[in-house]
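Everything below concerns the one structure shown next.
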Amino acid sequence: MRASMLRLIRSRSSSAASRPHLLRRAYGSESVPERKVAVLGAAGGIGQPLALLMKLNPLVSQLALYDIAGTPGVAADVGHINTRSEVAGYVGEEQLGQALEGSDVVIIPAGVPRKPGMTRDDLFNINAGIVKSLCTAIAKYCPNAVVNMISNPVNSTVPIAAEVFKKAGTYNEKKLFGVTTLDVVRAKTFYAGKAKVPVEEVNVPVVGGHAGITILPLFSQAVPKANLADEDIKALTKRTQDGGTEVVEAKAGKGSATLSMAYAGALFADACLKGLNGVPDVVECSFVQSSIITELPFFASKVKLGKNGVEEVLELGPMSDYEKQGLEILIPELKASIEKGIKFANQ
């Protein structure tokens, strides 16, 4: 089992150079810059597998794991893995500053997961308060860090973070990202299955937001091209939008999408680290401050990542009539979620 897992990791890293959107080693170990990554909520359902995946990333030199409980055990466990990064666990509010100091990237999966019957809005009041307090600490202890927001509802938590940083005088719109990578991961998987193409060759941009109908996969831009019927595209779109619910229902009250979310979170954090390190042409979809795409202050689209975070927000590109209709439908809902976050932050 262990040998086969090692073979899988090796085979992925050896073939990754041909897949620019996946984890790949861009440097020899001796030339990789020192990078500290902090995971806030590291003892949770997403946090633990995310901590493991970040420990496996050769671009990370220091890994700080923070939660309100349980992190010393997670840190001790993950810390035994023979990879580059040094691991430290921090527990409770009094150790949060120590966890954050000197961080280049802060990943926030903290909060409560969805349960059957819950919408992302049902999560709002609990997770919004958690995000607000964590972002207040980020503004104080590592104001220049790249922030990767996983805590749901992302459509509202990213605007909350922006407002907190604005009040603290530390806001840099180029360094705040809502992690929508799981929508892209799902769209690629579902498209590959329907089009019968190798999934590792697939790319599908996903734009809009990160909940329900605000998730808009642009299957018309998918590569490799496949002549799928309109009803297939509609079914794939719906399945991508409902991917989180599919997992919540399959787990029957025992959790939400934690493992696939951790994988997606690790992919996006890896892209941010590559950007910071000067790797050229790193492009991922993310929910960022953006005024060129729509009239909304935040929107998920393809973003070029670089040494300062967002280098460039890319245009949506050509869309099918079905996708244009989807864009029109999602805007009012996304607008309401953004406004809800801004209102909460300013209460």
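Numbers run from 1 along the shown chain.
Quick reminder: no glycine exception, Cβ is built from N, Cα and C everywhere.
In TrEMBL this protein carries:
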type	residues	note
ACT_SITE	H210	active site, proton acceptor
BINDING	G41, A42, A43, G44, G45, I46, G47, D67, N127, I150, S151, N152, M261	NAD(+) binding site
BINDING	R114, R120, N152, R186	substrate binding site
DOMAIN	36-178	domain 'Lactate/malate dehydrogenase N-terminal'
DOMAIN	180-344	domain 'Lactate/malate dehydrogenase C-terminal'
Roughly how many angstrom lie between the C-alpha atoms of S151 (NAD(+) binding site) and R186 (substrate binding site)?
18
The recorded positions listed are N152, R186, H210; by CA-CA distance, the one closest to G47 (NAD(+) binding site) is N152
CB contacts for A43 (NAD(+) binding site) [other CB atoms within 10 A, all chains]
22
N127 (NAD(+) binding site) to N152 (substrate binding site), Cα to Cα, whole Å, comes out at 7
Note the mean pLDDT of the domain 'Lactate/malate dehydrogenase N-terminal' (36-178), expressed as a whole number.
96
Binding-site residues (G41, G45), the one with most neighbouring Cβ atoms at 10 Å:
G41
Rank the binding-site residues N127, S151, N152 by the number of other Cβ atoms within 10 Å of each Cβ, and give the residue at the low end.
N127
Could you state the CA-to-CA distance between A43 (NAD(+) binding site) and R186 (substrate binding site) to the nearest Å?
25
Grouping DSSP H, G, I as helix and E, B as strand, the residues of the domain 'Lactate/malate dehydrogenase N-terminal' (36-178) number 62 helix, 28 strand, 53 coil
If we count other C-beta atoms within 10 Å, could you say which of the recorded positions R186, H210 has the fewest?
R186
Quick check for the class: what is the C-alpha distance, in angstrom and rounded, between R186 (substrate binding site) and H210 (active site, proton acceptor)?
12
Distance, the residue listed as 'active site, proton acceptor' to G41 (NAD(+) binding site) (CA atoms, angstrom)
20
